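> Please find one structure pasted underneath; my questions will follow.
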Amino acid sequence: MQFATITTLLFAGVAAAMPQATPTSAAPPSATSTCTPGPVVDYTVQGNDTLTIVSQKLNSGICNIATLNNLANPNFIALGAVLKVPTAPCVIDNISCLAKQSDNNTCVSGVSPYYTIVSGDTFFLVAQKFNLSVDALQAANVGADPLLLQLNQVINIPICKN
């Protein structure tokens, strides 16, 4: 872009010189843009990791990771699992793989039938993590006191029979 003329603007006694652009023969910008995604990297799941955390660490999307790894439930990843993570995908997808929220589900599919309690867990939070009703989780764990969950305690997750 070249500046060929100068226009003077006056505002209540203030003068300012503003350059005026004149068209040049430069080529117009291309109408199509290309995207080059980043590499796919291996990531080992660590304590307290979720797909949200992993996706934020590696500039990816929850569903980009879930789809590449054929995860049946993106809300559950196993500690120590090695995930393939597409870094900097052209389209970051954080929603297409997520089930519609419902607190009435009595069972789930595609996950382990067991869950190990971690710090801060409650029956409500575990039920929410697996998209289950609290009643269904309690029914699968007769004898477990939901108010006295212990770190590393293993509880049952109700699995749907297909």
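Yeah, the Cβs are placed from backbone N, Cα and C, and that goes for glycine too.
So Swiss-Prot lists these for the protein:
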SIGNAL    1-16  signal peptide
DOMAIN    41-85  domain 'LysM 1'
CARBOHYD  N48  N-linked glycosylation site
CARBOHYD  N94  N-linked glycosylation site
CARBOHYD  N104  N-linked glycosylation site
DOMAIN    113-157  domain 'LysM 2'
CARBOHYD  N131  N-linked glycosylation site
> Could you check the glycosylation sites N48, N94, N131 and say which one's CB has the fewest neighbouring CB atoms inside 10 Å?
N48
> Around N131 (N-linked glycosylation site), which of the listed glycosylation sites (N48, N94, N104) come within 10 Å, judging by Cα atoms?
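Close glycosylation sites: N104.
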> Relative to the Cβ position of N104 (N-linked glycosylation site), how many further Cβ atoms are located within 10 Å?
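The answer is 9.
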> On the DSSP side of things, how many residues of the domain 'LysM 1' (41-85) fall into helix, strand and coil, could you say?
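Each residue of the domain 'LysM 1' (41-85) counted once, the result is 14 helix, 8 strand, 23 coil.
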> May I have the DSSP-based helix, strand and coil counts for the residues of the domain 'LysM 2' (113-157)?
13 helix, 6 strand, 26 coil
